[in-house]
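Chemist: Here it is, the structure in full.
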Amino acid sequence: MARIEGGFQRKLIGTYLLLVLVIVAVAGVYLYSSLERTPIDRLKASLQAQARLMSNEVHSVLLSRDTEQLQRLVQRLTQQVATRVTVIEAGGRVLADSERTLEQVALMDNHLRRPEVQAAISDGVGSILRRSDTLGVKMLYLAIPLRQNGVIAGVLRVAMPLSDLRDDLTLLRQTLIIGGLIALAAAVVLGFLFARQVTSPIAEMTAVARRMADGDFSRKISAVSSDEIGQLGNALNLMAKRLEDRLAALEEERTKGAAILDSMVEGVLAVDGMNRILFINASACRLFNISSVVAEGRPFLEVIRNKEMLDLLNQTLREGVFAPRELHIFTPVQRVLQVHASPLKGSERSAGALWVMHDVTELRRLEAARTEFVANVSHELRTPLTSVRGYLETLLEGALEDREHARPFLEVIHKHTERLGRLLDDLLDLSNLELGKIALHRYPMSLAEVVGSVMTIYGPQATKQKIELRTELPDDLPRVLADRDRIAQVLINLLDNGFKFTSKGGRVTVTAKIVRGSRFEVQGLESDTRRPTPETQGLSEAVEIAVHDTGIGIPSQDLPRITERFYRVDRARSREMGGTGLGLAIVKHLVKAHGGELLIESQLNQGTTVRFTLPIAAADPEAS
């Protein structure tokens, strides 16, 4: 028989076998008792008939009071009917016994209290199955009264040993036991088959339910019957379908919610009442430079090591909503976050907190830059205007009539107004460049021609300041794709700086060469990722232009900010030389607008080199 595995199957088979065993046992006992009584009843009837036949003959001898004759009679009758015959007088004394001699009969106990004798005296017939005290074997006794004129004169008892009947009963008992065992074995087989028929659908339902618990709703229960188990299978199939639909809807909603939260620019962070992170979206992960897989489920302070944020989190859990606050974090760069918090409500108390974080770092930087810009513009305008107003007041007070002193005053006023004009022009250019309002007219142009025209402008100044001005341009220099006027403006700004900060006897040099796959980091400027234009796409070469001077140089700590608006290393000297402080900022934006890159190198008291690149024009034959 196959090994029984299921617990329910074992219980079902065990219960079934126990029931069958009880039924077989009860039926066997009942059947055995019934079959056992039938031969005994027949034996009783036979003994009673024999006793009735003997009673007349025994009665006549009993009246004679001849015990010897009575002993001979019972011995003769025993030989005829093969039964033990005993004659007992009314007082219970044994008068004769076919299995004893007269001497032994005289020694026998009084039989008046024997059950069969008592029953014969009271009921007319007495019978019993018991062990014989005289012979020591189990016998069936039957006794009838012997009457004389209505008075009991004695009792005739016949008895037969049950040895022959016992053999028949033993055979009957063995037959019943073997039949019961066969029935029990058949019941075991049938019970196992029945249990499998009952438990197989249940086992299938269990397997399907476990798959449902694991989220697999693909397998269905094959309901083969219309009974309660079949109805249960159909109900489970219906439940699985509804669960699958419900979970699919929930997953769709969860996916939508996660997609919405992950696509938010704001960082979203949820924690439970034990300060463990429940959810963190992609923006928040970027803010703190962490992974959501690592963060979710861990304590807040293990993931985000910021005491101020932890204090605000505890305040949210303790007090609920608080006013938006700005926090400074380092991840590893410094960021400014504006935090909005609200509690996550549970059944009774706050179950956690939800934070929405806005990265206002750039906004605060722009606000600071705007404030600084306004202050710088105000300062740059106030300085020349103050001088102009002072000289004008002096002239109005009478110095105008003194022509000898009035002319220098007017020359200073003229100088400051020119500087104001340059400042306003540079401010307008820079503003338009930053807003992208300046349209570049780019076309293939000769870099040598632009450099030559700019050199012509600065030739007299170089002679006047006794500064050597020279160019080093290769003859095979290809054309570049650029706006001629704007590149001239770049060169003028760079040469202007070179002449301002180079002493007599110094040198300013303009060079150019072809570079391949070169990328520069613009000092003081975040890297710019511009898409290549159709004219430059696919080209790996560019022209690098460098303006080198042997001037005073720039301190290394000032290089990162040298391209910022109004930033000056030596403010007094720069302003004295008429600089606006916007030249390199304009150069930076013009180079970026051309898709080029800018690099500034300098050593204090040794000079400065400014390099920038321009794309080679694809239409130029030399470029190919």
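Glycine residues also receive a Cβ, built from the backbone N, Cα and C atoms like all the rest.
Automatic, uncurated: that is what TrEMBL annotation is.
Source: prediction; values computed, not measured.
In case it helps, TrEMBL gives these features for our protein:
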COILED    233-260  coiled coil
DOMAIN    196-248  domain 'HAMP'
DOMAIN    376-618  domain 'Histidine kinase'
TRANSMEM  12-33  transmembrane segment
TRANSMEM  171-195  transmembrane segment
Chemist: Please work out the mean pLDDT for the residues of the domain 'HAMP' (196-248).
Modeler: 78
Chemist: Would you mind listing the long-range same-chain contacts of the coiled coil (233-260), meaning Cβ under 8 Å and 6+ residues beyond its ends?
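Modeler: Non-local partners: 201, 204-205, 208-209, 212, 215, 217, 220-223, 281.
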Chemist: Which residues of the same chain, at least 6 past either end of the transmembrane segment (12-33), have a Cβ under 8 Å from a Cβ in it?
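Modeler: Long-range Cβ neighbours of the transmembrane segment (12-33): 4, 172-173, 176-177, 179-180, 183-184, 187-188, 191-192, 194-195, 198-199.
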Chemist: Mind tallying the domain 'HAMP' (196-248) by DSSP state, helix then strand then coil?
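Modeler: In the domain 'HAMP' (196-248), the DSSP-based counts are 39 helix, 0 strand, 14 coil.
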